[in-house]
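Taken verbatim from TrEMBL:
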type     : residues : note
TRANSMEM : 23-43    : transmembrane segment
TRANSMEM : 49-68    : transmembrane segment
TRANSMEM : 80-99    : transmembrane segment
TRANSMEM : 137-155  : transmembrane segment
TRANSMEM : 161-182  : transmembrane segment
TRANSMEM : 237-261  : transmembrane segment
TRANSMEM : 333-351  : transmembrane segment
TRANSMEM : 357-378  : transmembrane segment
TRANSMEM : 390-413  : transmembrane segment
TRANSMEM : 419-439  : transmembrane segment
C-alpha cells in the first residue's frame, strides 16, 4: 500500500480467470525477443538502403534513442499496472477511457498488420528452395495453413507459447554463431566502413530500423499472465534488449564483412544466400530453417499480445464481454480468432507496404504512451511504482524527447499512400468508440468491468 495525494493507493493485482501456470523469466525474455526481433531476418533492407556503415551504426545508435527508453517506460508502467490491458490501461488512467480505446485500437491494428508480415517472410526464405511458394495458389494455401497451425498453438496456452519461443529462439540464433566462426578468415574490416550519404533511401532505412527495434511495450498486454511481474518484467526487458541488439549487430557484421558488397542483393532473405557463399548449401538450408522457425516465433508472440490486449480491454469494459471469455486453456479465444482473421486479410500486401503502414499507426500509439507516462508522473508523483526510472519528472520528459523526435522523422518520411490509409484507420477508431458506447447503452451487447480490477478513473482509489 502507498499514499497518493493523501488518499490510499491500491496496487493493481494481476487477475486471471483460470489456474493455468504463469509465465516465468526465461520464457518471458524470449517472448519479448520475438515481440521485437526474432533474429536478423528482415534487417537486410538497411544495407540495401544505406550501405554497411550506416546499417551497423543504426543498430547501435537506434536502440539508445528508441529501444532503451521504450523498454524503461514499459518496465515502469507495466509494473505499476500489471494487467492484460497493458498500455491501454496506462493511457486510460492518464487521459480517460476514450483515448485509452484509441490506444488499444491503433496498437491492436498495428500488431495485426505486423503479424501479417511473418507468413510473407516465412515464404520469402523458403521460395529459393521451393520456387512454387513464390506466388499463386500454392503461396495462398501455404499462408492459410501456416496461420491456422500457429493460431492453434496460441489457443493451447501462453505457457506453451513461451517455452516454444525459447526453443525457437535458440534454433534461430545457432546458425549465425556457426556462420560467424566460418567467416572469421574471410572478414575484411574495410567493408564495414563503406558509406555513400547521397544514395541513402531514408524512408526505407528508417522504417526498417524502426520496425526491427520497436514493440517493447507489447509485452505489457501479457503482464497479467506473468509470475511476479513487478520483479520479472523489468529483468526480462533488460536481458531482452541485450539479446535483440546482439542478434542484429553480429549477423550484419558477418554478412557485410565477409562477402563483397552488392547493395541490390541485400533484400529480405539475403542472409540465406550469404550462408551459401560462406558455408555451402547445408548452411543455407539451416539459415532458411532458422528463418522459418523465427517467423513462427514472432507470429505466436505477436498474436498472444494482440489477443490478450483485447481480453484486457474487455475486462475494462471497452469491448463486449465475450472478448473476455477464456478457453479451457486460459487463452482469449475470440481475441485469437479476430487477430488471425486480420492477418489472413492483410497477408497479400508487400513487405515494405506492411512495414510502413504498421510504423505509422504505431507512432500514433507511442505518442499517447509518452503523454500518459509523463502526465502520470506529474499528476501522481507519489504513486507506488515497483520499478521507477530515476530522474524525477524532468528525467521522464527528457527520456521521451529523443524517441518523440524520431517519431516525427519517421512520420515525415511516410508516403502519401501510407499516410492516407493510416489516417483512415485512425479515423475509424475515433468513430468506433462512440458506436460501441451506443451499443452498450442500447444493451445490444453486454459490457462489464472485471471485479478483480481496481477503479482507474480519476474518482477511483487508484488515481485519486
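Cβ coordinates come from backbone N, Cα and C, glycine included.
What TrEMBL says about a protein is an automatic prediction, not a curated fact.
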Close approaches to the transmembrane segment (137-155) from elsewhere in its chain (Cβ under 8 angstroms; 6 or more beyond its ends): 119-120, 122-123, 161, 164, 296, 299-300, 303-304, 307, 327, 329, 331, 333, 336-337, 340, 343-344, 347
Listed stretch, out of 49-68, 161-182, 237-261, 357-378, that has the most CB pairs under 8 angstroms to the transmembrane segment (80-99): 357-378
Winner by Cβ pairs under 8 Å against the transmembrane segment (357-378), considering only 23-43, 237-261, 390-413, 419-439: 390-413
Stretch with greatest number of CB pairs under 8 Å, the transmembrane segment (23-43) reference, 49-68, 237-261, 390-413, 419-439 candidates: 237-261
Selection from 49-68, 161-182, 419-439, the stretch that has most Cβ pairs under 8 A to the transmembrane segment (390-413): 49-68
Long-range Cβ neighbours of the transmembrane segment (419-439) (under 8 Å; 6 or more residues past either end): 98, 101-102, 105-106, 109, 318-320, 357, 360-361, 364, 411, 445, 447
